[in-house]
2 protein chains.
Amino acid sequence: MAGARRERDIHAATLELLTEVGYDGLTIEGVAARSGVNKTTIYRWWPSKDALLGSAMVEADVLAIRLPDTGSLRGDLESLLRQIAALLTGPDTSPVVTALLGAATHRPELGEVVRRFFADRLGRELPMFERAVRRGELRDGVDPATVMDLLAGAVWVRALLRGQPPRPAYVRETVDLVLRGCTS
Amino acid sequence: MAGARRERDIHAATLELLTEVGYDGLTIEGVAARSGVNKTTIYRWWPSKDALLGSAMVEADVLAIRLPDTGSLRGDLESLLRQIAALLTGPDTSPVVTALLGAATHRPELGEVVRRFFADRLGRELPMFERAVRRGELRDGVDPATVMDLLAGAVWVRALLRGQPPRPAYVRETVDLVLRGCTS
């Protein structure tokens, strides 16, 4: 693997160029020029544009999430969802998300990169649910993937489709609904 | 307003062209040619491309939802969510959804059309929740918009980001989680 600093520069350059020139305009040559790392060096680590982009999405600081450990499932889910909401709406991150989503809708090969990104995220989130099971908080048979689909989906729909930034009160309400249910 | 049949033809032509040539290529001239309706006639009813597209999204048969009335909130939500899942994954409808989503991510003016579409949908779904309140099924203080964000969001994330078609068992599990909550 690349040295940590060079790898960080390459990932940052990849996501910057994605937002500036779009997926179709993104090239390893462009990333080499922006990051100051030799093109053949980049090709040695990442054999294709999609491999590089996938690595950048998973590893880049700009899309990173700090996995919370607050002592309760409610606290953990609220912290995680606030971070997802911030990613979807923040000035540095929402252009990256928008560029990826726009490209993924008409480039099937990018779909695989996005799928791997979400699988990686879910893998990182699982310990949060394992701790909740050990504390006796989670009902038997509940699939953490479905819980995350619901919560992440709500802030995606709210931010990107309804055009309403998901504020802290909305995050609390959403987590409360998924924890307690909507029935009386 | 246009005669019902001509209006239907115009709406169908609008969404067909959107999927074929994309938002940037969509023109009222193109819709006129495809639908066989005079261009000046279309302009009289819809002053702009966005007005026409907004109308097509809300009114076109291809994106229509039959609002269920099954006698229970669980039955209504499952029926509604199965229909949303079918829209997101069906061969006739998923290209329309994908084209709209891809365009909305880089055309801010289209965002307003998408927002109006989701506001219209929520307005149509509210009677379902009002019936649930009258039956004593819905907990006090639950916002139907948040329930719909969670459920629609889950199938969006599952279908479009995780690349897994939301099957009936997944729809049942998702509705069950939102009704009962995930805690023990």
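Quick reminder: no glycine exception, Cβ is built from N, Cα and C everywhere.
TrEMBL tags one of the stretches B:7-26, B:27-46, B:47-66 as DNA-binding region, and that stretch is B:27-46. With DSSP states grouped into helix (H, G, I), strand (E, B) and coil, the domain 'HTH tetR-type' (B:4-64) comes out at 51 helix, 0 strand, 10 coil. When pLDDT values are averaged over the domain 'HTH tetR-type' (B:4-64), the model yields 92.
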